[in-house]
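Per TrEMBL, the features are as follows:
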type	residues	note
BINDING	Asp11, Ser12, Tyr43, Gly44, Asn75, Thr76, Thr188, His189	substrate binding site
ACT_SITE	Cys74	active site, proton donor/acceptor
ACT_SITE	Cys187	active site, proton donor/acceptor
Amino acid sequence: MTSTAPIGVFDSGLGGISVVRQLVHDMPHERVLYFGDSAHAPYGVKTPEQVRELSLRIVKRFVEQGVKAVVIACNTATSAAVNELRDLYDFPIIGMEPALKVACDRGHGVRQRVIVAATPLTLREHKFAALMDRFKEDHTIFPEPCPDLVEIVESGQLDNHDLVMHTLHQYFDQYDLSSIDSVVLGCTHFVFYREYFRELLPDTAAIIDGNEGTVRHLGVVLESLGKLAPEDAAGSVELANSDPSERIATLSRELLER
Ligand code: DGL
């Protein structure tokens, strides 16, 4: 695959568009093919086998389109499918996981109290258990499944302030938020809620997502293979979705430009 080949980016639906925004910002010369699987969203309440099957189907489509790398812009699909995808393909497959390390490192040795907001499946899978094992002795970690936050984005209700705040309160009122050092947004859909989380949380709590780190990692991997797009290349983004409705196409464009 040449350096001018596109990068395939996928998610269960519209959440991965938050990763595409970061990619376009940091790597403006790349061609991005985005695939959102909104017809099958949410992934976070499915079985790992179902999510693996759906992810394999999407990556097969990217292979037919001649991608040079794939970004799984979905923590849930990464937990369920990254190993199998890496066994199957020899181009780089970049996955995502909740940015718990970033949250814990902020303490510089001081114990941190961290909420990890993610989907039920991400928090149930071995990959997250392994991540927790690395940090749980030195830090206090609260995994919080928030499936409704996926549905609100998919149904185009992200601007419904009352609905969003009500939903956030349902998940987070159980915590003494003034004692929390950071909240990790461990689902790419949740990145669109950053301002709402800011409204919910005291200023002392940081809000952390993995998008920047994921794109940086993609850049390092492509550079090491000599496959970064040339600097005179015009970057582009093509948005595709398994839900062919005009509503989803419009929503996807809006989220990209948000
Ligand atoms: N955006 C996804 C993630 O990062 C999954 C959302 C879902 O479909 O449940 O985990």
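If you go along the chain as it appears here, the first residue is 1 and each next one adds 1.
For all residues, glycine too, the Cβ spot is worked out from N, Cα and C.
Predicted automatically and left uncurated, TrEMBL annotations should be read as such.
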TODO: For Asn75 (substrate binding site) and Cys187 (active site, proton donor/acceptor), determine the Cα separation and express it in whole Å.
DONE: 6
Task: Where Thr76 (substrate binding site) falls in three-state DSSP terms - done: helix
Open item on the list: Distance check, please: Cα of Cys187 (active site, proton donor/acceptor) against Cα of Thr76 (substrate binding site), rounded to an integer number of angstrom.
Closed with: 7
Open item on the list: Please identify, from the binding-site residues Ser12, Asn75, Thr76, Thr188, the residue with the sparsest Cβ neighbourhood, meaning fewest other Cβ atoms within 10 angstroms.
Closed with: Thr188
Task: recorded positions: Gly44, Cys74 - member with fewest neighbouring CB atoms within 10 Å - done: Gly44
TODO: Provide the three-state secondary structure of Tyr43 (substrate binding site) computed with DSSP.
DONE: coil
- [ ] State, in Å as a whole number, the widest CA to CA span among the substrate-binding residues Asp11, Ser12, Tyr43, Gly44, Asn75, Thr76, Thr188, His189 given in the record.
- [x] 12
Task: Rounded distance in angstrom between the Cα atoms of Thr188 (substrate binding site) and Cys74 (active site, proton donor/acceptor) - done: 6
Open item on the list: Please give me the CB contact count at 10 A for Cys187 (active site, proton donor/acceptor), counting all chains in the structure.
Closed with: 35
TODO: Show which residues of the chain containing His189 (substrate binding site), separated from it by at least 6 in sequence, have their CB under 8 Å from its CB.
DONE: Asp11, Gly13, Leu14, Gly15, Ser18, Leu149, Val150, Val153, Glu154
Task: Spatial separation of Cys74 (active site, proton donor/acceptor) from Gly44 (substrate binding site) - C-alpha basis, Å - done: 10
- [ ] Could you name the residues, excluding Asp11, Ser12, Tyr43, Gly44, Asn75, Thr76, Thr188, His189, of the same chain that surround the substrate site, i.e. Cβ within 8 Å of the Cβ centre of those residues, in sequence order?
- [x] Gly13, Gly15, Gly16, Ala41, Pro42, Cys74, Ala77, Thr119, Thr122, Val150, Cys187
TODO: Note down the number of other Cβ atoms within 10 Å of the Cβ of Tyr43 (substrate binding site), including every protein chain shown.
DONE: 29
